[in-house]
């Protein structure tokens, strides 16, 4: 098996890559360097990768190069086509479990928008509750189940929470091992809503 020759030198990162260009792109995540700038008048938004700039520029041009093969609907990003395909399958894999709601959605973003609109107070209450718990092991089974659901929904979010305790910390890592005790690991609640909760 070929060895990844290009290693990240940032402390405690340990990532390595087959190509030098991939390492350079990765390093920008640490440095915050964004060398690609949108030249649309009045915009000037900066990006760490050329591909992200090109995707952004489609907002200005209206270009939608990716098409659903079933219905012909067009999208600016390939990932949006994949998310759209669920509509044709009739599947609604995202379920709201707050306040015994049970409403189902085809996309995670739609579930989060629903929760933001109809369950905002419950989310604030949960955020406060989970932020004050020092350890997953002291939760009741019902609270642990809800915590794992909540943490799983927002595991990939990394933007600021809209008025729900930005930069506060709650337990994390529990979704990897249900019922595990993880006193040292935390998850910022700033990730609990930046993607639409």
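Note that Cβ sites are derived from N, Cα and C of the backbone, with glycine treated the same way.
Annotation source TrEMBL lists domain 'C2H2-type' at 6-35, 36-65, 66-93, 94-120. Positions annotated as region 'Disordered' by TrEMBL: 173-197. Residues or ranges marked as compositional bias 'Low complexity' in TrEMBL: 186-197.
If one looks beyond the domain 'C2H2-type' (36-65) by at least 6 residues along the same chain, the residues whose Cβ comes under 8 Å of a Cβ in the stretch are 25, 28-29, 74-77. For the domain 'C2H2-type' (6-35), same-chain residues at least 6 beyond its ends with a Cβ under 8 Å from one of its own Cβ atoms are 46-49. Note: the domain 'C2H2-type' (6-35) comprises 12 helix, 4 strand, 14 coil (DSSP; helix = H, G, I, strand = E, B).
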